[in-house]
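According to TrEMBL, the protein has these features:
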ACT_SITE  D:His98  active site
ACT_SITE  D:Asp101  active site
BINDING   D:Glu229, D:Glu265, D:Asp293, D:Asp336  Mg(2+) 1 binding site
BINDING   D:Glu265, D:His268, D:Asp304, D:Asp306  Mg(2+) 2 binding site
4 protein chains.
Amino acid sequence: MSYFQDIAPIRHEGPDSSNEFAYRHYDPDEIVLGKRMEDHLRLAVAYWHALAYEGGDPFGGRTFDRPWYGDDMAAARAKADAAFDLFRILNVPFFCFHDADVRPEGASFAESRRNLDEICDLFAERMQQTGTKLLWGTANMFSHRRWMAGAATNPDPEIFAYAAASVKACMDVTHRLDGQNYVLWGGREGYETLLNTDLGREAEQAGAFLSKVVDYKHKIGFKGAILIEPKPQEPAKHQYDFDVGTIYGFLKRFGLENEVKLNIEQGHAILAGHSFEHELALAGSLGLLGSIDMNRNDYQSGWDTDQFPNNVPEVALAYYEVLRAGGFTTGGTNFDARLRRQSLDPQDLVLSHVGAIDICARGLKAAAAMLEDGGLERMRAERYQGWDGDAARAMLTREPLETIAERVERVGLDPQPRSGRQERLENWVSRFV
Amino acid sequence: MSYFQDIAPIRHEGPDSSNEFAYRHYDPDEIVLGKRMEDHLRLAVAYWHALAYEGGDPFGGRTFDRPWYGDDMAAARAKADAAFDLFRILNVPFFCFHDADVRPEGASFAESRRNLDEICDLFAERMQQTGTKLLWGTANMFSHRRWMAGAATNPDPEIFAYAAASVKACMDVTHRLDGQNYVLWGGREGYETLLNTDLGREAEQAGAFLSKVVDYKHKIGFKGAILIEPKPQEPAKHQYDFDVGTIYGFLKRFGLENEVKLNIEQGHAILAGHSFEHELALAGSLGLLGSIDMNRNDYQSGWDTDQFPNNVPEVALAYYEVLRAGGFTTGGTNFDARLRRQSLDPQDLVLSHVGAIDICARGLKAAAAMLEDGGLERMRAERYQGWDGDAARAMLTREPLETIAERVERVGLDPQPRSGRQERLENWVSRFV
Amino acid sequence: MSYFQDIAPIRHEGPDSSNEFAYRHYDPDEIVLGKRMEDHLRLAVAYWHALAYEGGDPFGGRTFDRPWYGDDMAAARAKADAAFDLFRILNVPFFCFHDADVRPEGASFAESRRNLDEICDLFAERMQQTGTKLLWGTANMFSHRRWMAGAATNPDPEIFAYAAASVKACMDVTHRLDGQNYVLWGGREGYETLLNTDLGREAEQAGAFLSKVVDYKHKIGFKGAILIEPKPQEPAKHQYDFDVGTIYGFLKRFGLENEVKLNIEQGHAILAGHSFEHELALAGSLGLLGSIDMNRNDYQSGWDTDQFPNNVPEVALAYYEVLRAGGFTTGGTNFDARLRRQSLDPQDLVLSHVGAIDICARGLKAAAAMLEDGGLERMRAERYQGWDGDAARAMLTREPLETIAERVERVGLDPQPRSGRQERLENWVSRFV
Amino acid sequence: MSYFQDIAPIRHEGPDSSNEFAYRHYDPDEIVLGKRMEDHLRLAVAYWHALAYEGGDPFGGRTFDRPWYGDDMAAARAKADAAFDLFRILNVPFFCFHDADVRPEGASFAESRRNLDEICDLFAERMQQTGTKLLWGTANMFSHRRWMAGAATNPDPEIFAYAAASVKACMDVTHRLDGQNYVLWGGREGYETLLNTDLGREAEQAGAFLSKVVDYKHKIGFKGAILIEPKPQEPAKHQYDFDVGTIYGFLKRFGLENEVKLNIEQGHAILAGHSFEHELALAGSLGLLGSIDMNRNDYQSGWDTDQFPNNVPEVALAYYEVLRAGGFTTGGTNFDARLRRQSLDPQDLVLSHVGAIDICARGLKAAAAMLEDGGLERMRAERYQGWDGDAARAMLTREPLETIAERVERVGLDPQPRSGRQERLENWVSRFV
């Protein structure tokens, strides 16, 4: 008997449907810019928020009541059954998980790993049956108390070792399940107080660790991308993978900029003081755009609220940057979004995803329409066209400061500003969203 | 007749003095860690805030009434006289300026440059007479409307050219005045809306520009450091030189990480979501720490409030990072701090600096005492000592993931967390501040 | 010859129009919930941002170049001509202004007042000719240096007196021009530092001042509403009229809660840590909702960015609260939104309003549709229905703590939580926006 | 055997002591402004953070390992033993607690209440033996899932009833233990989404609830103060008791402004966009200052970090406002501050309090010295002295707007601004901190 009882698989019924349990905009087979919508969005349910979150927050404990809660393998199997049931109802192509979401912690590392392997056998079977695929796997190296002072950047080398073993185990199962990517989120890689921290030392540890991960990927022939997920803080006061710009510097420092890409989350961008589209555009311009975590942050809250998206104009600007960067290859759209802790019912879990998926579909279609129209790109090209001339390019690439300065005085250069046309551009966008 | 009338030069009178117009802690000749206090702090008055700021804010105009306000060379000369009068009263060794602070804008670039040259002749004379030195010079490429869409990163190549000429002119006078550094703050290098912006293109422009600046420095034999000043936003919605981590990535991208250092400001660190000591420690660990702008931000305001420092515990932690990184070489402590707009009187201008200088002196002495005691460094070393063993180093540098993972399982590794001792460390710091 | 040259009056062309200079959604005569759209929205152009703003920001001066800039009456008359030209092109029913927007400051208060009177004669004539009406007038008591430490709350009673005279003069012309409201925004009523401030004293001054304003309104028979505009800070570090909740307390303290209403701005709500709809709903529930300033704040900036609205889902939630509270009576929708400083062209000024007006129209229609459907109100009523029973009402109004406590133990009460259904409600909203 | 093993009671050893386990500044018997330091500060250990917090955060579980963790009465008794042991070591006069900190939740309300009564019997005994007193008691109405949508403001009247019973039970034991105050913190009184919330209805519930609490206080003859603790959000998106100004309005609305005072926390002030001293000064000016929660917030984090204070200048400004308001009567200084989750050791728990207590002692002594010197109050009085004249008072209290305006024109009033002297005042403060 399904936890979701009588909730039928969600079908596309079109924008006029008033059926809560229908897609009004998401139609997997609709062709957008020459590709199926499903193949654009590559939607993935997040095992942790959907299945493992219990409704707690810093001021209160569990509010949800799911039959699969528990600490043993039986509970883990029941959880997996519910998960694939949910995937079926939602009709999404992908899921993703942390090791700690899917298996009970064992009494030893070896037992934890065996538990993971065993659950992944079950996953393999269910994936085979249902066609659901794995967008990415990752190791949770932040919840257990051993990670409290970091994983790769821990002052204790034994914990570095434990982290290495954890990542290897997760990469192995991700590879086995034909995962499209492997993700690293360094929730504890950072510090609580600078007073006890050696930034230089910890950066060296992080660089060495990531290099080993990349080496291992090549060794086992994993074809997916290695992705780092930026976040500026929380749980740590300072997290090393602060934002896209910071990680780029880190990758350059260790020569990994062609080996690693990014998994970018709206809420994390906001916490770092950026818009989501900024982080996506920056990653795109640096060749680092891998995948996205599509949640939203409450703009009036100072922590990661991880909510399902509900604002089409924002989501459209995000997908616009994804499409401009060429669309997803190994990456996709992961719902790193969780139910509010008062949303107790099975229906809430389903409807949250249904609403979010429709918002993504609307956002994608608006983004595609903007790209097809081409207005924004034309206006952008026009703004920079002065740089397309040979003299301008020569100045940029070849002329030294003094030559340019001499010409400024000689010709009495007095350049006049031109309108940036921001409101006009925003009006143009409003036509599509 | 001096604007500051009967205010006598400020002298050190010791901590028990109740004379407002005395230093209670700043004694230039006091030896701290084997060096004169003056040579540690290398204090510099900022021409712009001290002399050029008129008391305006976004909701109101000029409140100050200074005899040197005006747009011609006579006013500029009067301002210079007042400036050197102020330096004399405060007895600080350095000053710093933007071109636009010291000379009137001319009708053409050539006239602006001649105005600058002429004022710098006056500066040279006064510096000769008084012994005051130049900490750094810089070009203001943000106030005039021509810069509204950027200087080096402008969509218009003519403005790039104008910027090149402006920097060259400022570098020339900085070099002539034996300036210790040349600073670049990219207040308009960023964007107001991503909709009209090509991030990739603008980054290329910024990289090319900075490379030209570095080349020119070598060509003219300027021995000072080139410094970039990070700030995340304001005036722009997004500023490219967001923070230390971002600039490091930019420098690596263009191969300039050994050519350029940073000028770090407390208020800008705060706006970027960091503590000042974080930015200093990070820069120190990357070898990029050049100079500091010692102001403070109001923690309850979301913009750069540029206030004189008044909190010793904070300032002490900042100087601790400076001392740990080896102290200043070409850099120093610049007061990028401005009077509140209600502080109308000449006394306010003097007293603001007096108070701030004393805070810096107390901070420095506390930092030095902490370093001499060594407690913090001992506790830090102890925390990481596990990494000092050969096996740990070998794991870090040589062992692949699978070797480490195999050992974790084989020995049944189960590392236990150890206290981070944050409160104990904070208590230790409190003994010194 | 019009500054706006050949820009024809903006007409409604329907959603499929690709004409930049057309309304696609705003049709003044369209009936929404039984009322003309124009009568719902009551749109007003703000004289200050549209005509008086020159493009400056804290780091740079004027960027715009308007023929009416200047400090004399001729310039003020030219500005008024341009203003009414803009109102005509936009076809909005209202405008609003500060005294300082429309007249040059005189050499004395009397001259300033005469200048104001004279310009308002011109306004009266133009209003007569065009049918444009005045939504509200207000006195600018923040830009001139005399206000730097407050108007009504100034430590100097002479400035209190000057403020009283200023408000009286503005109320007089507002009354004469048949203004629908009179607004007070206390940009300098607050403090820069608590160290020099007597909160109690200043609150007494503010209370006395507002009471005088209310008395004067009744004396002259002004029928419009007196509105206070909340803002938490900027320019002041702390502004007394922090937010809706704070002002309610202030009004209660001085017995003015039935005499004064609020003019609520999106950007100010954001700065105070609230959503716009929160402030509107709170004001509605307290009977204080008067009028709105429809701009938006950049969520990644910590100051008031005062931008034209561009996000329909947000605007729809705002109008939903306005409609729930009964819609506007004397109030309306004022564009307290200004051009970006790079938007130099006359077209930018027109298009910014065109886009914003269309966003408002879409938001209003979505809000009306949500209200007509009634789903949200039904779900809300259902959630609280337990309180509609007699026993629950009796408990609330009559039973003491100990009676309730006794019953809890006696019946072994063990209430179970019910889903808050947040995502479901958000999905419902998404159907309309 | 004590959990704190061989840690001897902390004694005052003076500022030069380098003993970590000594007070360097806190000397209970030192006379400050004519009163013992202990009687000024009225320090209280918070049961929850000191004893009940397990080291969890939103991304990780328990890190601490205390022998008294558990869910039964035996664990609760062991915890109480450890608590009084800690109080003895620290030699603080007070403690405070929530019901949920001290007793296990029962299977029914009645059992929970009996558990509470039983533990309070033990408290009474220990208090008798040791002289430790109760600063305040409170009911935890936020952790259990029943409170997820509020206590007094819940849409379900049964939960209102349960809340009433909970508060009554806690007030009863607080009264029995001779508590000095009873505190209400409405962590769940607010909303997660406005979409499902009726602000007006919930305010009525909150008002009725608080009125019942006040009535009950009088009925049982409880002499302590009823205190509300402001916080703007977290856990809720919006919390009704947002800040001091908002609560004042709420109290006025329900006629409770003479019955209820406030318990003000630094971290909550920061989250609301205020400095701690602002909230204290405002409460003082409104006659609402009751007690303080002395923690600090990390200024770079957007949530309540609840850390032990470590910055004397900040703490001194806070106590200055307390002393200006007449000092504590029933209130005191509660450490609503918790260990960092990496601070695992018993020593950390002791040392965190030792350091914080010394910071409070230094802050108090600095505040007292500032008040004794009187400089700040003199400068403040001087700033407002214009208002002390009869004419100014008459204008404020009696003259209508038109009379004042007439005089402004008649005498040609042209008031000139005077320096606000902010930096000078800050320098003055720096002499004491």
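Residue positions begin at 1 at the first shown residue.
A Cβ is built for glycine as well, from the same backbone N, Cα and C atoms used for every other residue.
Here the features listed in TrEMBL are painted onto the structure.
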residue	record	Cβ contacts under 8 Å, 6 or more apart
D:His98	active site	D:Tyr47, D:Trp48, D:Gly137, D:Thr138, D:Ala139, D:Asn140, D:Cys170
D:Asp101	active site	D:Tyr47, D:Trp48, D:Leu51, D:Ala52, D:Asn140
D:Glu229	Mg(2+) 1 binding site	D:Val183, D:Leu184, D:Trp185, D:Gly186, D:Asp241, D:Leu262, D:Asn263, D:Ile264, D:Glu265, D:His268, D:Asp293
D:Asp304	Mg(2+) 2 binding site	D:Lys231, D:Glu234, D:Gly267, D:His268, D:Leu271, D:Asn297
D:Asp306	Mg(2+) 2 binding site	D:His49, D:Gly267, D:Asn295, D:Asn297, D:Asp336, D:Ala337, D:Arg338
- If you draw a 10 Å sphere on the Cβ of D:His268 (Mg(2+) 2 binding site), how many other Cβ atoms land inside? 30
- Most Cβ neighbours within 10 Å, among the binding-site residues D:Glu265, D:Asp336, goes to D:Glu265
- Give the three-state DSSP assignment (helix, strand or coil) for D:Asp293 (Mg(2+) 1 binding site). strand
- Show, in sequence order, which residues other than D:Glu229, D:Glu265, D:Asp293, D:Asp336 on the same chain lie with their Cβ within 8 Å of the centre of the Cβ atoms of the Mg(2+) 1 site. D:Trp185, D:Lys231, D:Asn263, D:Ile264, D:Gln266, D:Gly267, D:His268, D:Ile292, D:Asn295, D:Asn334
- Can you tell me the three-state DSSP label for D:Asp101 (active site)? helix
- Cβ-centroid neighbours of Mg(2+) 2 site D:Glu265, D:His268, D:Asp304, D:Asp306, 8 Å, sequence order: D:Lys231, D:Gln266, D:Gly267, D:Ile270, D:Leu271, D:Asp293, D:Asn295, D:Asn297, D:Thr305, D:Asp336
- Query: Taking DSSP three-state, what's D:Asp336 (Mg(2+) 1 binding site) in: helix, strand or coil?
  - Reply: coil
- Message: According to DSSP, collapsed to three classes, what secondary structure does D:Glu265 (Mg(2+) 1 binding site) have?
- Response: strand
- Have a look around D:Asp293 (Mg(2+) 1 binding site) and count the other CB atoms within 10 A of its CB, chains all included. 25
